[in-house]
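Q: First, the structure itself, so that you have it in front of you.
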Amino acid sequence: MDLHNIREDYSKRELSEADCADNPIEQFERWLDEAVRAEVNEPTAVNVAAVDGRGRPNSRMVLLKEVNSEGFVFFTNYHSRKGRSLELNPFAAMTFFWPELERQVRVEGRVGRLAEKLSDEYFESRPYQSRLGAWASAQSEVIPNKAVLVAKAAAVGLKHPLHVPRPPHWGGYIVIPDLIEFWQGRPSRLHDRIQYRLLDGGWIRERLSP
């Protein structure tokens, strides 16, 4: 399949240092708010990349559930491939892509588990069927067919018809950033790239060549 001619010239916006907040979390919140207001498809979807014990990278899309002064929060099964990778090598890279705005954001940092209380609170906010699924799915494990999964979810529902507690193998992670890069597409591939690096407890802002 020849894909050489699939290209687009970016021209919607530009990103100057004067446009950027001093703190990258504040800058991210600005861009995320603009993505939401622009009705970008799945604005909180983010690719999370991790590296397992053999040095093999793996990545997938998850949904960002919170951003705060500490970092970026998502939830998952701790026994999944990403969960096992993050336990062995507690660093991750995240990429947000908002093509409607010709923007992407890269985040790198150390990963830690959220406090159980916070995971409990979020789990309680999930729809009932989603809570059943968290118990039924041995995420990333091979299963013989979908019927097995459906039957397990039904069994959990019979056991917990009203209240589904959080499984001990399910909860939140926070990516505590030490690098955040903002990318804005520009004409002639002369894209704007503004990077923030954490150095001695403070953020350094610098422009990168595209």
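In case you wondered, yes, glycine gets a Cβ from its N, Cα and C as well.
Model, not experiment: these values are computed from the prediction.
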Q: Taking Swiss-Prot at its word that R7, E8, D9, Y10, Y122, R126, S130, R189, L190, H191 bind substrate, choose the one of K65, K82 listed for that site.
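A: The record-listed residue among the candidates is K65.
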Q: Could you check the binding-site residues V62, L64 and say which one's CB has the most other CB atoms within 10 Å?
A: L64
Q: Using Cβ-Cβ distances, find the residues under 8 Å from R189 (substrate binding site) that belong to the same chain and are at least 6 apart in sequence, listing them in sequence order.
A: P210
Q: Three states by DSSP: which one describes R189 (substrate binding site)?
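A: Looking at the DSSP assignment, R189 (substrate binding site) belongs to a helix.
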Q: If one measures from the C-alpha of R7 (substrate binding site) to the C-alpha of Q104 (FMN binding site), what distance in angstrom results, rounded to a whole number?
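A: About 17 Å separate the Cα atoms of these two residues.
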Q: Between the Cα atoms of L64 (FMN binding site) and R126 (substrate binding site), find the distance and write it as a whole number of Å.
A: 14
